Amino acid sequence: MPKVLVLYYSSYGHIETMAEAVAEGARAAGAEADVKRVPELVPEPVAKAHFFKLDQGAPIATPEDLVNYDAIIIGAPTRFGRLPAQMANFWDMTGGLWLKGALIGKVGAAFTSTAVQHGGQETTLYSLLTNLIHHGMVVAGLPYSFAGQMNMNEITGGSPYGATTIANGDGSRAVSANEQEGAKFLGRHVAEIAQKLNA
């Protein structure tokens, strides 16, 4: 049974919701899946003033946790078309793991959220995946076998580079059913690949 880590950062809860869906998909494929988050860097008074969701239940991850998993799926919202400082800071602390080649051969994937459809989803996914590639991980996307990517009946996230959601500029749009299905598919897909690689 592969062990999957879903590692995320979420300001307003959209990525937290996606992370839980990713983990659900991995578990459906027979994997053991843990959900952890990276530390918040924004001072608490500022975070509260901007209505950040600070009551997230997932434990805080450390870089050392990464070696315990066969697959690592990372998620974070966009910040001007790239990963946010919180996730970048976490990966900046993994230099020791990189020196040892500790993550080489593990499966990796990514998911993100943006305010609007054209708010930098794929560039953010690229910036998340770059960390995994530099660590020598085997990167998986969200294949078109997930039929929801071809959904033209609603505004929806989804990219061959990873699962995505659209939050609206004020964060008022909830993660849609189709987007949650995409996240579950990604988790299941990664778990199945990890299972094959570890067979």
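The backbone N, Cα and C atoms fix where each Cβ goes, and this holds for glycine too.
Features as listed in Swiss-Prot:
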{"type": "DOMAIN", "residues": "4-190", "note": "domain 'Flavodoxin-like'"}
{"type": "BINDING", "residues": "SER10, SER11, TYR12, GLY13, HIS14, ILE15, THR78, ARG79, PHE80, HIS134", "note": "FMN binding site"}
{"type": "BINDING", "residues": "TYR12", "note": "NAD(+) binding site"}
{"type": "BINDING", "residues": "TRP98", "note": "substrate binding site"}
Self-check item: Cα-Cα distance linking TRP98 (substrate binding site) and PHE80 (FMN binding site), given in Å to the nearest integer
Solution: 27
Quiz item: Could you give the Cα-Cα distance between SER10 (FMN binding site) and the residue listed as 'substrate binding site', in whole Å?
Solution: 25
Quiz item: Could you state the CA-to-CA distance between TRP98 (substrate binding site) and THR78 (FMN binding site) to the nearest Å?
Solution: 25
